[in-house]
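The structure appears below as C-alpha cells.
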C-alpha cells in the first residue's frame, strides 16, 4: 500500500568506504551561530556561550518502533528527529543540533537512505537545528536510527519534571489519542492489503490521525509561547507514552498527587469517531495511547489568567498533596486510580 | 571459549516497563560540576560555562563491529565508551559526559546487560565522564550500542583536522597494529575452538594484542601532556581506521601532502612476532589495521625540542606541499603512494 518504492537501485557498497555519509549529508549546511564545526572532523564543535546545554537521545528500531510496510522513509526520518526535539522542548529549551546514526542492512538501496535523510533534512530546516554528526554502518538485519538532540536554555528557564506543587494546575498542549488511532487504521489497512493487494483504501477521513502517527510535529512553539505569556511552568514532560504514565512521572518526580478530569481531556472529533468505529474507549486511548508528542506541564494557579482561553492550552486537572494519590475523575464523578499502561519498549529513561 | 556465561538468567520482560534502565543505571551517579541533571528527565542538563562543546557519536553493531563468541560483554561496554572518548581527545578536548543507547534481542538476559553496563560504568569512572542519558529498547536480532560523547575545550585549544602546514612534523602516540593482530589471534582461536571445543588455548604470549583489541584505552593523557609540553598541534585525528587513511584525512582537510617513513612506525615486538607467525607484513598491518585508538597529529618544527625523547610520542614523518602527494618512504628508500585501505563499515563521518 504505502510500500517505499524506488525506481533506481544503487547498492550501498557502490559508494565505497566514506562515500555514503558524504553523499547523504552533502546538503546539510549548518546555519546556527552556535555550530562552530559540524560534520567532517573527529567531533563537532559547538559554542553555547552562557546557556545551559540540554541533551536527549532515542533509538528507533524497525519492527519495534516502525513498520516500513506503511511508513514512508521520508516520514520516518522526519519523525526520528521529532521524537528527540520533543524532549528538548519538554525542558523549556530551544533545540539546536542533532546527530544521526543509522545501521542498515544491505536490503536498502542508497535511494532508500536518500529518502530517509531527506526527511531528516526537512525536519532540521523547519525546526532550525543543525545536523552536526553521525555514523553510518551496516546491520545484519533491519534499520536502526539513533538520534541525539542538543538544545540550550538560560539557566533559570530550564523546567524539570520535579517542580510541581500541590494545587498547581495541570495543563496540556494540543489533543491526544490521534497518533495511536492513526496506527490502528494503518494496521487495519495493512491486513486488508495482505488479503487483497488490489483494494484501494479510502483513507481521507483518517488524514489527521495518520499524519499524527506518521509525521508528528514537536511543540517548538510552546517554550516561546510560555515566555510571551510570562508563564514559567513548575514542571514539564513530553507525552510520548500516553497521558497516564506521564502524569505519574510528574507526580513521582515532584512528590505530589494529581486529579485529572476526564471531561477536560482534549480529543479531536476524528479521534472520537474512529474510536466509535473501532469500539474503543476514547479516554483509555488518550490515557495510554502514546506518541502524541504534546507537552504536559504544571503552573501556579496565579498564572491561570495568563493562559486562559489560549487555543493551544487546556487545563485538564490539578496537583494535590502526595498522600492523596493520582486519580482520574470520570464524567460520572467516579474517582479511579491512574495506572501507567503507556506503550514502552522495555524502558527509556529519557522520555 | 570466552563465551559470555551467566549463572542466573532473568528475562528482560521481568523488570517491567521502566525497570530495566533504572536497574542498569542505579550505580551511575554524576560527579562532574558541569552535570546539572543526569538521567531522570526528558533531557540531561549540562553547564559548560565558557568552554566550547565537543560531540561525537558511534554505533556498534553485533556481527559487524564485534563478535560475542570471544568478546566479554564487560569489555564490550568499556570499548564502546573508548571508541567515542577517543574522538573527543582527538579534538584536544576533555571528555565530560556520555549517553548510551542499546537495542537488544530477548536472547540476552538481564545479567548480560548488567555485565555490559559494568564495563560502561568502569570506563566512566576511570575516564571521569558522567553517563547522563540513554535509551533501552528491544531489537529483532542482535545487540546494538550507540554512544554519544560530549567534551569541552577552551576555544583556542580545539585542534581540527585542517590546520597542518607543509614541513610540520607528523607525530604518533603509542604503537600500531596490535589491535588488528589481536583480532586475528581471536578469530584463529575461534576456528580452533569450533573444530575442537576441548582445546585449551595458551594465549599468554598474545596478551598485549588481545587487550588492545578487546579492551583498548583512549588517549586521555595526551591533551594534558601536550599542554604541559606547551605544544599545540596544528592538526589532529584519532587512528581508528589505520594509519594510512588517517594521514590521508589530515592531508585532505589541511590541503597538504605527507611523507611517512616506514622505519619510524612504532611497532610493539609482539606485533612483529605475531606478524611473522601469520606471515603478514607488519607495515601493512600498521597502515591498514585500525582500531588502535592512538592519536596522530602535526606540530611545527619549532616545537620539535619540546616533544623529543618523550616515550609516548614518535615523529613518523612530515607534511609537504599538497602537490607533492602522500607517500610512504620504505626502508629501501622507495617512495610509494599512500592508499586508504582502512577498515570501515560503510562510512563514518565522525571518526
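Glycine is no exception: its Cβ is also placed from the backbone N, Cα and C atoms.
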For the Mg(2+) 3 site that TrEMBL gives as A:42, A:238, the extra residue out of A:87, A:202, A:281 is A:87
Applying an 8 Å Cβ threshold (strictly under) against chain B, tell me which of the binding-site residues A:56, A:117, A:240, A:291 fall inside, in sequence order. A:56
With residue A:42 (Mg(2+) 4 binding site) as the reference Cα, tell me which of the binding-site residues A:57, A:238, A:240, A:291 is the closest one. A:57
The domain 'PurM-like N-terminal' (A:40-153) resolves under DSSP into 34 helix, 46 strand, 34 coil
Measure from the Cα of residue A:161 (ATP binding site) to the Cα of every one of the binding-site residues A:56, A:57, A:135, A:238, A:241, then give the nearest. A:238
Check the DSSP secondary structure of residue A:238 (Mg(2+) 3 binding site), expressed as helix, strand or coil. strand
Mind giving me a neighbour count for residue A:117 (ATP binding site)? Other Cβ atoms within 10 Å of its Cβ, every protein chain shown. 26
Pick from A:135, A:241, A:291: which of these binding-site residues has the biggest number of other Cβ atoms within 10 Å of its Cβ? A:135
For residue A:161 (ATP binding site), name the DSSP secondary structure in the helix/strand/coil scheme. coil
Among A:58, A:65, A:134, A:135, A:238, these being the binding-site residues, pick the one whose CA is nearest to that of residue A:87 (Mg(2+) 4 binding site). A:238
